[in-house]
Amino acid sequence: MDFEQPDRYGNRRAYQRAGPSQVPDRSNKVCFHWQAGRCSRHPCPFLHSDPPQTVLADGAAKRGHLQGHVSRNPASAGAPPPSKWGKGRAGGKAPGKICNYFLAGNCSFGDRCRFLHSWFMSDSFSLLTQLQGHQKVVTGIALPSESDKLYSCSKDESVRVWDTQTGKCVGAINMGGEVGCMISEGPWLFIGVTNAVKAWNTQTTTEQSLDGPVGQVYALTVGNGMLFAGTQDARILVWKFSAAGNVFEPATSLSDHRHAVVSLVAGAMKLYSASPILQVWDLATFQCLQTLSGHTSVVMSVLCWDKFLLSSSLDNTIKVWVSTDAGNLEVAYTHEEEHGVLALCGMLDAEAKPVILCSCNDNSIRVYDLPSFSERGRIFSKQEMRAIQVGPGGLFFTGDGTGELKVWQWSSKQNN
């Protein structure tokens, strides 16, 4: 539409020319103020809803869209899939919108807000309670066997003890420095601190300080009767338990990594360690069997599930590794996220179906079915959630960067 020069009375004539309109089309633009929950215009010239989806015209592009975030590894083209990885709903359930102001604790609209005020989105689990006490990021959560206490550790230099019946903090232990990680095995509690690993027996109250680490201990795991610690100085320290003396004795040190070891997992007589790279170790000989290449950034977490190894990275992917006939591990599938994946935790839901929780650096946890990677829900927090722990009776726990723990419960009834 063009306008002529105004006449002497200030009037203009408008002429509609052939071809596309020169006036900006607002019909498919979403109102920025509505998205922020504070549009006061009535009527508003912009949409107060999500824009309509554009139909993909190109067949190949459409197929790529429908595949969601799960893709087959090109390197394994022609080989049959080892399992049903990535065969679920592409993209899973369409997520709603959580109010960012609610997450930050300062939404002024309250119940009138257009966005969800919730810490999760799922019909498969629910939030039971929140435990507050730590002042910095939670780095570990543990539940020793036959104990009615929940333990949590933090960079605020403390280990807190929680009563599992009341949810009250019944003790806080000053560790004298930042706590990097914590696990439990049977009645034993292992705590990674600077330059040491603390071993506590929660039944006999036996304590032992395991020396050897240099710098912060970032990862701990147990396998084949041994305790493994991943340290800041790029080593993996190994202790064996002596039943005669009821103590842990140094066994060996593995030093093929060049950077801090941030994640460890043991399974099937092998140890898997994560630094910027992944390495596989034989637990019988302590020899490095294979260095796994595939991620393009730092590997943050490793997880054994069934006959598979899963690894997550800051390259926004989760890779599923499978053993070949030759005994080496190769990538079978790659699951893509929009953000870096900080931690993985596998568990069973209320119906004993395997699921995986993937903590991302956008302050959320994605929950997926295995092996399909169909999305079951999301968990949100004010800051990153690096600590996830499975509990008894369908419970699981998360700890975030603010120092808060949340207790979750799987629901046996699903409304899909």
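Cβ atoms are placed via backbone N, Cα and C, with glycine included.
Here is what TrEMBL says about this protein:
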type	residues	note
COMPBIAS	1-10	compositional bias 'Basic and acidic residues'
REGION	1-26	region 'Disordered'
ZN_FING	25-51	zinc finger
DOMAIN	25-51	domain 'C3H1-type'
REGION	62-90	region 'Disordered'
ZN_FING	93-120	zinc finger
DOMAIN	93-120	domain 'C3H1-type'
REPEAT	131-172	repeat 'WD'
REPEAT	292-321	repeat 'WD'
Remark   = Given the domain 'C3H1-type' (93-120), its same-chain partners at Cβ distance under 8 Å and 6+ residues beyond its ends are 34, 37-38, 126-127, 363, 375-382, 406, 408
Query = Using DSSP, what's the helix, strand and coil tally for the repeat 'WD' (131-172)?
reply = 0 helix, 22 strand, 20 coil
Query = What are the helix, strand and coil residue counts for the domain 'C3H1-type' (93-120) according to DSSP?
reply = 8 helix, 3 strand, 17 coil
Request  = For the zinc finger (93-120), provide the mean pLDDT of the predicted model.
outcome  = 81
Task = Pull the DSSP breakdown for the repeat 'WD' (292-321) and write it out as helix, strand, coil residue counts.
result = 0 helix, 19 strand, 11 coil
